[in-house]
Amino acid sequence: MSSTAPLLTPYKMGRFDLSHRVVLAPLTRQRSYGNVPQPHAILYYQQRTTKGGLLIAEATGISDTAQGYKDTPGIWTKEQVEAWKPIVDGVHAKGGIFFCQIWHVGRVSNNTFQPNGQAPISSTNKSLKPAVRANGIDVATFSTPRRLETDEIPFVVNDYRVAARNAIEAGFDGVEIHGAHGYLIDQFLKDQVNDRSDKYGGSLENRCRFALEVVQAVTDEIGADKVGIRLSPFASYSEAADSNPEALGLYMANALNKFGILYCHMVEPRMVKLGEKFETPHSLRPIRDAFKGTFIAAGGYNKEDGNKAVSTGYTDLVAYGRLFLSNPDLPERFEIDAPLNKYNRETFYISDPVIGYTDYPFLPSDV
């Protein structure tokens, strides 16, 4: 396959010159012991770095209430910021562009992850039913959340702002606000979760208010040219569905245009559940057409799908998760049409610093 395949063409994303359009999607790996990024992440991200390639770091907690999983990284303490620096430096040493995904899980948590064993915070006090974890084995139980009071919300918005500033201090090129997959921002966006009667609930405009206040705070802090957001209007992860996902996606796309943010990263409608593709009549096209910045599509893409999505103008960039996890040299494999390593789901979330993490083979150097 020649390097003129659409996925392998250069792209100018704001001030960043990308050499290709294959993006490392944000992937939770649960190897940041005690919520602190570890030295083994240097190799993991470096392996997946190409000169001019865009990488989005795994979901990273913004505060001590943001956690809901074992050993996920944070960026709210000095220790965490310092621990990220060599990881970011490793990506930059190979010419990569690195964004930090800033995250609050909201009610997708339980009190064992919370300071002083308190209830997780959310838009609502409706609790989640126990759910099988993404590894298909463990069952997660969730504590009944505490509905945030109206006057508390600005403090949470500020946590995102501080996390964004910390990410820039750690050397990241920008941040991606995690507004997808049933986590805190999504708990405000989706009408199946948000049952508030204040200015953050009810109408579409009110449900989007929290997300847009976060965007405002983060862009004010670090500049719109360093800010992206990830959204999944069509998804129903963690019981977070919406009765009119198209309207939600379009409203957000148009509202985001006013801030001039760098990119919008959307999850395909076919990805209703983690790792499972469904046929769907829905499309991201109207949302993509409405949004004026760079558009990134994600969710179950292979090489052929990705090339078609770029060539037809359906998206600018394509984010790959599981394929990039198991193929550290994915852009090169796409370029020469090499076979792909199969991923092993059983090692996605184990604590081992090597197995299932940095031990996926590269192509032989003589290929």
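Keep in mind that glycine also has a Cβ here, set from the backbone N, Cα and C atoms.
Since this is a predicted model, take the numbers as computed values, not measurements.
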Practice task
Given that Swiss-Prot annotates PRO26, LEU27, THR28, ALA59, GLN101, GLY300, GLY321, ARG322 as binding FMN, state which candidate in ARG161, ARG165, ARG230 belongs to that site as well.
Solution key: ARG230
Handout entry: Count of other CB atoms lying within 10 Å of the CB belonging to TYR183 (active site, proton donor)
Key = 25
Exercise for the section: Indicate whether PRO26 (FMN binding site) is helix, strand or coil by DSSP. Expected result: coil
Practice task
Compare the Cα of ALA180 (substrate binding site) against each of the binding-site residues PRO26, GLY300, ARG322 and report the nearest.
Solution key: PRO26
Handout entry: Cα-to-Cα gap, ARG322 (FMN binding site) vs ARG270 (substrate binding site), nearest whole Å
Key = 16
Handout entry: Reduced DSSP assignment, ARG322 (FMN binding site)
Key = helix
